[in-house]
Amino acid sequence: MSPALKAPAQQTSHPPSSFPPSWQIPSPSRIRPATPPVPDPGGCAPRIPRIGLNGPVRTRRTGRPRPDPAENWSRRMHLDHTHSGPAALSADAHRPDGTRRALRVGLGGPVGSGKTATVAALCRELRDQLSLAVVTNDIYTREDAEFLLREAVLPPERISAVETGACPHTAIRDDISANLEAVEDLEDAVGPLDLILVESGGDNLTATFSKGLVDAQIFVIDVAGGDDIPRKGGPGVTTADLLVVNKTDLAPYVGSDLARMAADAKAQRAELPVVFQSLRGETGVADVAAWVRGRLAAWTA
Ligand SMILES: Nc1nc2c(ncn2[C@@H]2O[C@H](COP(=O)(O)OP(=O)(O)OP(=O)(O)O)[C@@H](O)[C@H]2O)c(=O)[nH]1
């Protein structure tokens, strides 16, 4: 896909949700109580966290306990635990029963660039044609999952939250076990699924997803973060399967030069696609949704 510049568009508000009240944010009794925050180990120390699980249901794949589907939207990595075994890897395109698993697409990028907003928009755009689910990653909260629940972009049982407790890239690149459990549990609970979106917590330009966790990755930056971001490069900008330059509607207000960003992105990425997007604009997430559909067509071919 060649770079597509979008004209700054007028601000619009999201249409009110048409979903029934039962799809709104769970009552406090369904929210697992937060444990006290785990002290930051200091920077990005390579701690291997393990997911906390509860509930009587066991996964078909591992036999380990799985949260009740009603609680499946929230889980937490326990950072007081380490293990010496290899990190889980699951790049196999098939499930144990031989059926093809869902395509997994990761969304990463700096804090506040618009990852959650893009995930929400993708859910609204694709949910009528595809069976999809979402895993969110936050450091100490479940805010991204709560936002998606409040917006009722999907039924609650299709949204799962991982609390990373440390630098977000540790959970999407270094020890992916909590996220792998989350995607596999979602497929067990509400599958078969066509697509699972895995949203990383906001991180820096070096954050990328393990190929054992996702099949394709989208890196979301925004024009307000500075129009020199594409020039600075980093693995997210240079290697992501799709680079999204979000919030183009803000370019005139923050003095960002979109043509320069497009040229720098082209220099860094060669033929890899770039989408310039404003979720406030008329076309919204349409280009990214088209890219996802293309990946899905290749996945299921
Ligand atoms: N003007 C404008 N605002 C946007 C756009 N996309 C997202 N936003 C706003 O930017 C803010 C941050 O968006 P989020 O989707 O929460 O960003 P995020 O990358 O998920 O943030 P973290 O999870 O904290 O890293 C929110 O207030 C969004 O409404 C856009 O295209 N244009």
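Here the Cβ of each residue, glycine as well, is placed from N, Cα and C on the backbone.
According to its DSSP assignment, Gly109 (GTP binding site) is coil. Look at TrEMBL and you will find Gly109, Pro110, Val111, Gly112, Ser113, Gly114, Lys115, Thr116 tagged as GTP binding site.
According to TrEMBL, the compositional bias 'Polar residues' annotation covers 9-27.
The domain 'CobW/HypB/UreG nucleotide-binding' feature in TrEMBL is assigned to 105-275.
Under the heading region 'Disordered', TrEMBL lists 1-73.
Within 8 Å of the Cβ centroid of the GTP site, not counting the listed residues Gly109, Pro110, Val111, Gly112, Ser113, Gly114, Lys115, Thr116, the chain contributes Gly202, Val220, Ile221, Asp222, Asn246.
Of all the binding-site residues listed here (Gly109, Pro110, Gly112, Gly114), it is Gly112 whose C-beta has the fewest other C-beta atoms within 10 angstroms.
Taken residue by residue with DSSP, Gly114 (GTP binding site) is part of neither helix nor strand, so it is coil.
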